[in-house]
Amino acid sequence: MRHLPYLSYYLYPILAGLIWLATLLALLIHWLVPPVSRAHYPSMAASQQIAYISDVGASTLKPLFITGCVLTTVFLDISFAADYYLRHKGRLVPNQTRTETVLAFLTIGFAIIGTVGLILLSVFDTARYPKLHNIFLLLFIGGYVLSAIFICWEYQRLGQHYKHHHQLSTSFWIKLTFVILEILLAIAFVSCTFTQHYNAGAVLEWVIAFIFSAYVFSFVVDLWPAIKTQPNLNLHNPREKGMVFEGNGGQVVNGNGYGNGDGNGTGDMRYVGASEMEEGGGESSGSHLPIQGYGNAVGGGPVMGLTDHSSRPVTRERGLAGNF
């Protein structure tokens, strides 16, 4: 069966985001267009003219609302787990310290709390279980906001180790923007709801929900680089910073990572950290450096597409320097 290189883990946040958007649009359109046409639901206050998402989701579209919430959170949580798994396996830039690993687990843990909140608020609707619904709503918002804070913290620390991986900074700023906006909007939403400014609160709830979809899609940025590290790909340019080949024979070091290569420019690519670089730095056997003096090929045979631009021997210090 032929390998499909562009089908990868990034599809999970795309599916989650599309399902969430489709659910929101279905609820909004259902409320806006005939025969409903801005109906006043039993769960709405007498002075309320704009329906909350929960008001529409507690009506005839409750099965759709529950299904959308469950599928969105399942695919989103898979995205969180995939991010950790790919970093652990070296297919994304790996965590370098125990703190980053702890932050990754906190990210997943609070995402699960947010998942429980979203699923339960859709089941315990505002029309029949208003108090429980509000508790689960706060659980949903708080869980995912805290999860976003911890993943921002993790990416900020990763960015210090891998400054040349620009997708880390891009994802960090997207998620930080989400955190700031959602905290501000959540404060305004809670304030409007508990002071009985229901129309303003309803508008804010819709805005918060649509911004959440942008946060979900941001994980495409995180998982997209895993395309380049899929096993058994014939990648002809091994010069990706921080990436190396793994194959059946020989070793290839490109100054930014260390691994095994087959000597012909094919194999599996992965990321390695500075600690693993240090362990591999002493295995150069006095060989020479292709790729402008920052790589090394030993174990027989030239590496396809690489030219020897230097005769300097590999040293541990030079190998480590290439990783920063």
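For all residues, glycine too, the Cβ spot is worked out from N, Cα and C.
Per TrEMBL, the feature transmembrane segment maps to 9-33 (among others).
Here TrEMBL flags 9-225 as domain 'CWH43-like N-terminal'.
Marked as transmembrane segment by TrEMBL: 64-82 (among others).
Non-local neighbours of the transmembrane segment (102-123) in the same chain are 54, 57, 62, 65-66, 68-70, 72-74, 76-77, 80-81, 83-84, 87, 95, 132-133, 136-144, 146-147, 150-151, 153-154, 157; each lies 6+ residues outside the stretch with a CB under 8 Å from one of its CB atoms. Per TrEMBL, the feature transmembrane segment maps to 102-123 (among others).
Among the features that TrEMBL reports, transmembrane segment is placed at 135-155 (among others).
Per TrEMBL, the feature transmembrane segment maps to 176-197 (among others).
Among the features that TrEMBL reports, transmembrane segment is placed at 203-224 (among others). With a threshold of 8 Å between CB atoms, the same-chain residues lying at least 6 positions outside the transmembrane segment (203-224) that come near it are 8-10, 12-14, 16-17, 20-21, 24, 28, 50, 52-54, 72, 76, 79-80, 82-83, 86, 92, 141, 144, 148, 167, 170-171, 174-175, 178, 181-182, 185-186, 188-189, 192.
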Task = Would you kindly list the residues that approach the transmembrane segment (176-197) from elsewhere in its chain, counting only those six or more residues past its ends and only Cβ-Cβ distances under 8 Å?
result = 45, 47, 138, 141, 144-145, 148-149, 152, 204-205, 207-208, 211-212, 214-215, 218
Ask   = Averaged over the whole of the domain 'CWH43-like N-terminal' (9-225), what is the pLDDT?
value = 91
Request  = Grab the same-chain neighbours of the transmembrane segment (64-82) for me: Cβ-Cβ under 8 Å, and only residues 6 or more beyond its ends, written as numbers and ranges.
outcome  = 9, 12-13, 15-16, 19-20, 22-23, 26-27, 56-57, 107-108, 111-112, 114-115, 118-119, 121-123, 147, 216, 219, 222-223
